[in-house]
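First comes the structure, then the notes that go with it.
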Amino acid sequence: MKVTKKVLDQSLCCTALLALVGGAAAQCALPSSYSWTSTGALAEPKAGWAALKDFTNVVFNGQHIVYGSVADTSGNYGSMNFGPFSDWSEMASASQNAMNQGTVAPTLFYFAPKDVWILAYQWGPTSFSYKTSSDPTDANGWSAAQPLFSGTISDSDTGVIDQTVIGDDTNMYLFFAGDNGKIYRASMPIDNFPGDFGTQSEIILSDTKENLFEAVQVYTVDGQNKYLMIVEAMGANGRYFRSFTADSLDGEWTVQAGTESQPFAGKANSGATWTNDISHGDLVRNNPDQTMTVDPCNLQLLYQGRDPNASGDYNLLPWKPGVLTLQV
């Protein structure tokens with residue numbers, strides 16, 4: 001058959017149309033119930049460390065950049081990052097780099113409007129603090145600490161804990177927990193960021209301590225005009241995540257997968273055999289920027305797990321990284 005330019009043009013047109021239709025079909029809603037597969041433990045703490053935990057992760061230049069907290073063999077907390085790696089199977093051999101100053105329970109993202117990397121954390125000079133950098137791979141290339149939030153909360157043994165930061169087109173939002181059954185929110189105009197959210201916050205969710213414990217994370221759901229929040233809960237069979245959704249970051253949050261038997265992620269649906277706990281971690285994002293965007297067609301959760309037979313001092317429990325992949 002002789003292929004004329006007209007036929008070729010029509011073929012290319014149809015191919016493009018099919019690709020467009022296929023792309024539209026690929027837009028996924030969040031599932032009504034979740035089922036995952038899990039890796040085993042992906043890395044062992046290096047000598048002198050008892051635990052690797054509280055992970056934050058971005059993909060930059062095709063490589064994972066992971067920061068986290070460490071507990072040493074005396075139960076003291078510090079901070080670290082992994083050397084960049086391309087595939088989760090490479091995490092075990094990636095370097096584990098201690099930070100000179102602690103940035104415990106970190107949140108890492110690229111703030112696009114100012115072309116700067118942000119590392120937000122707790123237990124710094126203020127309730128929450130942040131540092132900036134032009135190179136997120138360098139564990140000790142961060143600026144001096146700056147105030148991110150200076151407020152306090154009541155009815156909490158820990159005080160403010162486990163922040164996350166996310167932005168829309170006009171505002172930046174700070175969400176955090178208190179190990180007390182409450183989730184808190186503060187905001188500022190995006191033009192003022194990076195900066196201090198001040199001293200005021202509002203309670204946006206309230207429940208039992210067990211149901212709203214810590215490790216809150218908030219994400220933009222790609223293509224859905226929706227936001228996803230996950231919060232770590234304490235269950236009869238270990239730590240698990242509950243999920244909530246909202247139509248705007250300043251809006252009301254509605255529980256989505258909220259029970260231990262049907263969680264966002266937990267022993268009931270993780271597929272993990274090496275851990276009962278699915279604890280403090282971070283969904284893998286589409287891009288590293290402040291929108292914290294995740295692809296509902298390809299959800300993965302970097303989490304901390306541990307040997308269920310381990311017991312004793314919480315700060316010495318052998319937490320290690322693992323990854324869940326959503327079954328679709």
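Glycine is treated like the rest: Cβ placed from N, Cα and C.
What Swiss-Prot records for 1-26 is signal peptide.
The Cβ of ASN309 (N-linked glycosylation site) lies under 8 Å from the Cβ of no residue that sits 6+ residues away along the same chain. The secondary structure of ASN309 (N-linked glycosylation site), as reduced to three states from DSSP, is coil rather than helix or strand. Under the heading N-linked glycosylation site, Swiss-Prot lists ASN309.
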